[in-house]
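This report refers to the structure that appears directly beneath it.
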Amino acid sequence: MEVCWQIQRPASLRPGFQEKGRVKINTFSVGFFPRSISSIASLESQYKSNGFLHQITASADFSRKKQGRMAASGPKSSGPRGFGRRTTVGSAQKRTQKKNGEKDSNATSTATNEVSGISKLPAAKVDVQKQSSVVLNERNVLDRSDIEDGSDRLDKKTTDDDDLLEQKLKLERENLRRKEIETLAAENLARGDRMFVYPVIVKPDEDIEVFLNRNLSTLNNEPDVLIMGAFNEWRWKSFTRRLEKTWIHEDWLSCLLHIPKEAYKMDFVFFNGQSVYDNNDSKDFCVEIKGGMDKVDFENFLLEEKLREQEKLAKEEAERERQKEEKRRIEAQKAAIEADRAQAKAEIQKRRELLQPAIKKAVVSAENVWYIEPSDFKAEDTVKLYYNKRSGPLTNSKELWLHGGFNNWVDGLSIVVKLVNAELKDVDPKSGNWWFAEVVVPGGALVIDWVFADGPPKGAFLYDNNGYQDFHALVPRKLPEELYWLEEENMIFRKLQEDRRLKEEVMRAKMEKTARLKAETKERTLKKFLLSQKDVVYTEPLEIQAGNPVTVLYNPANTVLNGKPEVWFRGSFNRWTHRLGPLPPQKMEATDDESSHVKTTAKVPLDAYMMDFVFSEKEDGGIFDNKNGLDYHLPVVGGISKEPPLHIVHIAVEMAPIAKVGGLGDVVTSLSRAVQELNHNVDIVFPKYDCIKHNFVKDLQFNRSYHWGGTEIKVWHGKVEGLSVYFLDPQNGLFQRGCVYGCADDAGRFGFFCHAALEFLLQGGFHPDILHCHDWSSAPVSWLFKDHYTQYGLIKTRIVFTIHNLEFGANAIGKAMTFADKATTVSPTYAKEVAGNSVISAHLYKFHGIINGIDPDIWDPYNDNFIPVPYTSENVVEGKRAAKEELQNRLGLKSADFPVVGIITRLTHQKGIHLIKHAIWRTLERNGQVLSSLIDL
């Protein structure tokens, strides 16, 4: 009997090979099997041929990128592109085959592919059990040992038969595999192709064999041939393997490789282990991998891997920081213990010195003045202290009180007792009138200190203080003095430690609360920003998460696209620089709530940190809504990429708190801090006035000096409110005037400064992304930079100019508006007010009003040391009341529940002085109080 296994050849074969072939396989029986095998295919369902021919392609893009490292095919061609070094391979490598999912990429083609999970033919075992049952029925009764022996022999025979069947199946599969490979080798040789892979349909997470015909290769005279490659454009899991000779004629070599599950393409070259390569005529060899990831999937996989790596690194960094913090805490605790111990010793030394005079003066009694019973006592005993009223100035007092302490009043007044008449019968009334008080001797007392008075504390008028020496009595049974002082030192030390612990807990709680409040404020601010333009655009969810879809909702009724029949969404990520390029234009659909909004959904990549978009009336353009040239930008959270930091340099002549005249100084500081908190790099170039408040400058150090404008300019660097500031100190004395403004040559002083600042940036090698100049005083930066410095390589720098007050230096401001790339002012309202001014109107396309804010760290009432009660929203009434009362007390105002109005401003029309004047009178009419700090009176 014959069984035929049909093998389908691929359509790409030549006509002579396009017919179906048949492989004849003799049937066989297993042991006492009552039935034969009808088909190998019916037994081996897991074995499937993948066909014969696979398309081999070349990666031209990769060749262009790496042309310098690759030469044309030839005996001395250079190494492959995509690798910086070559792996040295020995003369022999171990090659083992692994089963059940373990892949050996070092195995050669002489090793066969093993197939796991082959059926053990359960039907055969059923027949064996049936036959065993028949035997038992015929013999009726058998010895138990005979049954077991027979069963063992039967099981052994079944196992042997199964093994034999499996071996025959393996042999047939190997023969079939070899025939397929030999056919492929012959076909490729006939076409002049020197390389092929088997199976021809390459799938991820499987083994393949790579074959090379050495006679057709540039390596035909090389004793050693190796393959070197990687996956997915040389970006994933590189490998190097030695090729071994095969059974196929015509000098075919091969090796076994494992395809990783993430692969969509395999790129490789052949070489001799040194410098001779076969790199497919400088295009490298490549094999497409089917059924797995594509390029986009792999990019996303890499991003997920990067995200996991970042999370791992973040955890490791957090652990390192925790360990560092723990080390710092231990070191700080050790230093604190040493400091507290030293303070305790110093305190004890001071007490000992103060106590010595009292010990010298102390006695056990004073004849006819005072005595103590019992005379032999110790600390914490109760004694009676007797006093002769007629011995001193209290003879006529109606009451007698003892005001006392111990150890030279170390704890101040700690004993207050009223004396009573002792009514001693054996005492002459003319010589003595004795009174006594029961006193508990303080613990740790070496000496008891007291005076007598005619009343309690704060109610006494007349005292007997032993002639200004006070009374002092020794404690007879006291601790040894050294032991006492040691215990006192330990007590002081413990108290210092406890005070420090409580203080640290309060500080830690305050820091945690500050961080929480700051995070909540930041979250509210972001939410407010995201909702601020909801009448035009918003997203669901409101906070865009990397790696997740987001729905963009747009209301064209409030934009230039009002009434348009279609609205198209055009977007990208990372300020239009994302690696995947812009998203395809998407036609937006109406929302379900029948509002004027339209919507569309986009998938946010894992490496996004910003979502950018505009809207248009047509797929190919037409009218755009691009937010007046700014585009729409919304932050993305949770991604693996962060926005690259910008370098911003402010050139300004005011800065709070070191040299502030008006709001300009506040903005320079607070804006710089806010931008720096967004992880951008900020520097400030500033004149080194002789009137700077140096107490607000930290780490001021000489930086360098340079010559420009006919003078030496010294540069100093320091930190102001956490900001990097470069102070320019020209030796011509321009800023040694004792003031910021008010000199006749102010325009010349600040013009010189602007030019000197740009020269400093050039000579210092600075290449800022943004130069920010302010008002007329640093306006010259805009045109000086464009006229004199762009040709020196500072071509990427953009100029931002901010108008704080248009009342001064209009000519300079107008010129700066011409040269600036962007211009801003202090609020949208002020922008509208000045939009008609001739120096502004021609530049409205680049002029934007951005409202000034305050620095929440500097102006934080919870961490303000200048107010009596720190407060948050939880105790704002209490805090403000305390601040108001303190202000009234300091200024000598009546402390009452009156409204208090504070005015800090310049008296100019621009500040609304006419409104302030009206408000002052109305406040006074209502019994209010008005406080002012007025400038330019």
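Indices start at 1 and increase along the chain as displayed.
Heads up, the Cβ atoms here are built off N, Cα and C, so glycines get one too.
Whatever TrEMBL says is automated annotation, not expert-curated.
Taken from TrEMBL, the feature region 'Disordered' applies to 63-115. If you look up TrEMBL, you'll see 106-115 marked as compositional bias 'Polar residues'. Residues or ranges marked as domain 'Carbohydrate binding module family 25' in TrEMBL: 205-290, 380-476, 547-637. Annotated coiled coil per TrEMBL: 299-354, in sequence order.
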Determine how many residues of the domain 'Carbohydrate binding module family 25' (205-290) DSSP places in helix, in strand and in coil.
3 helix, 42 strand, 41 coil
For the domain 'Carbohydrate binding module family 25' (547-637), how many residues does DSSP put in helix, in strand and in coil?
3 helix, 42 strand, 46 coil
Looking at the domain 'Carbohydrate binding module family 25' (380-476) alone, can you tell me the average pLDDT?
91
Where DSSP helix means H, G or I and strand means E or B, what are the helix, strand and coil counts for the domain 'Carbohydrate binding module family 25' (380-476)?
3 helix, 39 strand, 55 coil
